[in-house]
Amino acid sequence: MLEKYYDKDADMSAISSKTIAVIGYGSQGRGQALNLKDSGLKVIIGLRPGKSWDLAKSEGFEVMDVANAAKKADIIQILIPDEQQGAVYKTQIAQGLTKGKTLMFSHGFNIHFGQIVPPADVDVIMVAPKGPGHMVRRTYTEGKGVPALIAIHQDVSGNGKKTALAYAKGIGATRAVVFETSFREETETDLFGEQAVLCGGMTSLIKAGFETLVEAGYAPEMAYLEVLHETKLIVDLIYEGGFTKMRNSISNTAQFGDLTRGPRVIGQESYLAMQEILEEIQTGAFAKEWMLENMVNRPVFNALTRADEEHLIEEVGKEIRATMPQFKDLK
């Protein structure tokens with residue numbers, strides 16, 4: 001079982017005298033930086049000029065270019081997209097990452113797959129909130145927190161875990177729970193979850209169900225409501241109480257269909273595909289494919305994204321959501 005940590009296990013004094021540079025001010029960067037600042041820690045923001053620069057300044061941060069932030073900071077937390085981190089590290093961070101500093105991540109991709117190779121005289125740690133940046137911020141302001149993972153890749157100082165736990169406390173994660181894992185385990189399980197279940201698996205399952213009903217002559221609106229709109233209702237029940245709560249909340253007819261038909265949809269063929277996907281992650285084949293895709297301006301990524309944006313389910317979804325009051329204020 002994974003080790004668990006809470007507020008009582010974390011001491012903010014481990015980083016209270018240090019300067020933390022948050023590189024990036026997107027969803028995670030903004031959420032983490034604001035929480036750290038509100039926890040009384042010294043935070044600077046490393047960015048290139050643009051809207052995020054102006055936003056960070058307006059929210060009370062000292063903002064500078066990435067290279068200067070890396071030089072000035074004791075702890076450097078990289079919170080820009082995975083595919084950008086390697087180049088930014090080499091050109092703007094590495095020179096300022098001097099002996100005794102701490103390099104941080106919220107996802108292990110670039111360390112685990114060798115896109116970033118830090119010097120041997122720095123600590124390399126991870127604090128990975130298990131929720132988007134706006135949720136990290138919102139729960140903090142409510143006096144709660146989002147669970148997080150910590151991992152230690154290099155612990156030259158001997159204080160890597162203390163630093164990670166203190167940072168996790170600074171963003172509010174120890175108010176919930178913090179689990180200790182490894183860079184390898186976090187990276188591989190995170191990618192697998194995204195590809196096979198949460199994003200890739202779910203969207204493909206929904207599209208297949210939608211297409212099956214539409215091709216059989218059912219109204220696209222009915223297909224959308226049955227295979228996409230109601231997904232949230234079921235997922236929320238599973239999230240709150242596992243499969244048991246979900247099954248206790250649906251009809252006996254639905255539960256019988258779930259138990260007898262579900263394994264026919266996700267059967268041996270799907271299981272074998274999941275094993276293959278996991279192997280591609282473990283061997284680095286997926287990481288290589290993704291890095292190469294970015295080097296040639298993402299032709300596959302862009303084509304597949306456009307195709308899904310033009311799918312009938314998206315058109316129908318926009319029309320249906322426009323009729324529902326709960327979606328009026330959502331962007």
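Glycine too: its Cβ is placed from the backbone N, Cα and C atoms.
In Swiss-Prot, the NADP(+) site is described by Y25, G26, S27, Q28, R48, S52, D82, E83, Q84, Q85, and among G108, G114, G131, G133 the residue recorded at this site is G133. Between the CA atoms of D190 (Mg(2+) 2 binding site) and S27 (NADP(+) binding site) there is a gap of 18 Å. Remark: of the recorded positions R48, H107, the most isolated position is R48 (fewest other Cβ atoms within 10 Å of its Cβ). In this structure the alpha carbons, written CA, of S27 (NADP(+) binding site) and H107 (active site) are 14 Å apart.
You'll find the Cα of Q84 (NADP(+) binding site) roughly 48 Å from the Cα of S251 (substrate binding site). Checking Cα-Cα distances from D82 (NADP(+) binding site) against the recorded positions (H107, E194, E226, E230, S251) with a 10 Å cut-off leaves H107, in sequence order. Distance between Cα atoms for E226 (Mg(2+) 2 binding site) and S251 (substrate binding site): 15 Å, as a whole number.
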